[in-house]
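Annotated features, as they stand in Swiss-Prot:
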ACT_SITE  Ser826  active site, charge relay system
ACT_SITE  Asp903  active site, charge relay system
ACT_SITE  His936  active site, charge relay system
COMPBIAS  22-31  compositional bias 'Low complexity'
REGION    1-111  region 'Disordered'
TOPO_DOM  1-125  topological domain 'Cytoplasmic'
Amino acid sequence: MAEHGHNMWEEEPSKGRDSLDSDSSASTTSLVFDQISERVAAESGTTKGKRMRYGHDEADLGARLSELDDEDPLKDEASGDYDLETGPFLGGHGHNSNHDGLSAASGSAGKTQGGYRMMDRGLRRVLIIASLVFVTAWVGGLFIYISHKSYLHGSEFEHDPQATVSRGSLRKITREQVDNGFWRPVKASIAWVAGPAGEDGLLLETNASGASDKAYLTVQDVRSLQQGLDASTEAAVAAARRTLVEKSTFTFAGKTYRIGSSKASKDMSKVLLGVDVQSNWRHSSTAAYFILEVATQTVQPLIPGEVSARVQLAQWSPQSDAIAFTRDNNLYFRQVVAGSSSSAEDADSVIKQITTDGGPELFYGVPDWVYEEEVLGGASATWWSPDGRYIAFLRTNETGVPEYPVQYFLHRPSGAAPAEGEENYPEVRQIKYPKAGAHNPVVDLQFFDVGRGDSFSVAVSGEFADENRLITTVLWAGAQKVLVKETNRVSTVMRVVVVDVAARSGQAVRTVDVGAIDGGWFEISQRTRFIPADPARQRPDDGYIDTIVHNNGDHLAYFSPPENPEPIMLTAGPDWEVDDAPAAVDLERNLVYFLATIQGITQRHLYSVRLLDGGGLSPLTNTSEPGFYGASFSAGVGAGYVLLEYGGPNIPWQKVMNTPAAAAAAAAGSADVSKQMPFVHVLEDNHELAERARQYALPLLVRGTFDVKGHDEGVGAGKLNYLERRPPHFDPSKKYPVLFQQYSGPGSQEVTHEFSVDFQSYVAASLGYVVVTVDPRGTGFAGRSNRVVVRGRLGVVESHDHIAAAQHWASLPYIDGDRLAIWGWSYGGFTTLKTLEQDAGRTFRYGIAVAPVTDWRFYDSVYTERYMDTPQANAVGYDTGAVTNASALAQNVRFLIMHGIADDNVHLQNSLALLDRLDIEGVSNYDVHVFPDSDHSIYFHNGRQIVYDKLENWLINAFNGEWLKIDNAKPQGKR
């Protein structure tokens, strides 16, 4: 092609072809027919040597055939030699002995000329006609070949996630690449921080690599990322730059410590350093803490005289002069005075113990297991007031919560040495774990008055009983008021309470019974945002932004003052929802930023809207193309900068930009917002990943929806989103097996426009199977009516939808309906087994369940009862949702279960209960693999690697028909 500098009739050298055979044969054939073409051209008076063009006048060529009958097209005029195989141009000049032999042998078969056998005229005519037909076809094929850029190697094309045909011969992706992060997009991490005076656009930079030419912890102006700043900007950037911690190690009392975590005070004069950090549950950990003075780079222990004290949580006060921390489940207050002594004698003068009865069953300021996992989503249950006068904290009483034993056979997470003679016994960790219907922890909110030194709680009339209360949100709404959101234990009724801490009183300002509205539940969110009063900016009262149920979806509402139960709706839908909103609030310009599904539920774009009236909805991202974006905003009051993350469908990238200009450009209708920014810095473009995507054969992706019929229990028809991954060299005339991968949990989403090369991609691209992901009803972002249909019957609707999906794909001409498998992890493992049970071998043949729930009575109360109510109130729903029909599972060809023995989340009890039921019923068409000492993630001693090794090999055997052979095994010779 012209853009490559080649004449369209010259073949480009192949780049990295798997085989050169086709090129060689094509070249040889073309040279043969070039000779024929030259003769035709010569007889026609055209320039000798010019190649035949596609579309020549075939009638003219036909008229010349009779004149060519008497000529041998392979004769070399200079030598007079002939070779019917190769012709003289390939050096195949005839040898007289051969020709003589041929002539003698042929005898009367034809006339000879100059000692050579003459070809029969009729035969020559047939050969020439056939040759010209072949030439025409060959030239036509060459035209198509070049016009489609088939001469280019696949790696010369950009990766196209929307491609539906192969890009040619490329390298195969490998399991090792998927496992080791080769295909994982690089993501830079920015820790935004507000300056001491609320300055915007500052970030904390941690030298995690330990490079000797960089300080360990520094503060930078985000504009320092960009080159070529003007003098005034450079001066401002330099003024903002400061070093907080010089080195990644420090020495105290002759011992050197390596920093494991760091938390700077608000005024940036001190840093809290954690060393010897030890993980506890998903979010929590313990560490020994030191306080570093930035000016002198000197340290002192958090607890004077106790350098190695294990602390669960430590938080700076907003005034940077105190730290609240929890140790052994008790809450403490520590004054931080510059130059104070680190001796044990000074401990009493700087530390005050706020609570004294904390212990194994009573937690202060930190959550227990279920609150960490299901409610707060973090390790802190401590909240400082903005002026540092009060500390709000949760008291969690687990006295009535039953224990579950987690066994560790190969290591001892506690670090404690066993008693002599007990070395060969497992370590058992007893966890207070409330299962569905069991006693919940009793949680109440308490306050500590720093000035008065006393603790207190505030009773509010109409509150839920202790056993029926979940405190889901605690938010300071100014210096003296706290906004508290609480629900009943089954999450159908929510109360919003405003506590006046100074007056030690409170009132319920809003109560919503969503169960009565749509039969659903409240999802827990920690994104509620306080909006301070600012009369100069038309905000006469304090307020808050919350996500509420509106127009069949999750939408943003602005309540001001906080006691006002009637909000200003900032978003309304009705055919879209917000996601984990708000992302940020610009208090200087009264703008609210959020991610939403306006362009489709598989996409996320960033938008802004006016705070005061909900008007002026504007995109900050390019909505003309599919995209899945994320956003992290700067911590200043103006939220003036954003780390914008493009996650797909093309190669992911990250840019830092300033938001006011972005909003203005979007409002002006700019087609490419990013190019209109006064400040735009590409933080990561993933160019290496883009190059890999060009060089490797990635699966072909097909996204869409398909119709699903209504369920017989009052669930109407609907549309389900799917993602189909096809092999790179997909051939619709073939029959492919299908692996269905899913999660399916309430409110979750698997089918998106994100870029991903994962295990599913490997199965499609390198094993050659079709892999399909479907989001059934109950999953997220398709409207409340789509979600709440699973309430009270988890697994029933989801399995119905997956069976419908399997039936749909089985009906497609390129699918082998006898080779369908489904797999999933956690909730996906549950859905796998429930689908196999409900289908009973009619559609699916195989399944793999990793760490599955098998009976919702075994899972934690907060999560389960939100969707199922209690077992006492919904016994039928729990019975229906449990995987218990062993005879139905026996109808499948085979299934595989894998589980970690030390799973503290989905207990091994789930798999054991099912195995027992299978034993009772005499069912044996399954395999089991357990992982000692592995938790829900299955990492211990190479566990994660083995999970996917097992999954891959087991699946190959399934689709190869190996499990059919062992269904009725017989000794050799007895068949």
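Quick reminder: no glycine exception, Cβ is built from N, Cα and C everywhere.
In the shown protein chains, 22 other C-beta atoms lie within 10 A of the C-beta of Asp903 (active site, charge relay system). Around His936 (active site, charge relay system), the same-chain residues six or more apart in sequence whose CB sits under 8 Å from its CB are Ser826, Ala851, Gly900, Asp903, Asp904, Asn905, Val906, listed in sequence order. Across the topological domain 'Cytoplasmic' (1-125), the model assigns an average pLDDT of 40.
All protein chains shown were included, and the count of other CB atoms within 10 Å of the CB of Ser826 (active site, charge relay system) stands at 20. The DSSP secondary structure for His936 (active site, charge relay system) is coil.
In the three-state DSSP assignment, the secondary structure recorded for Ser826 (active site, charge relay system) is coil.
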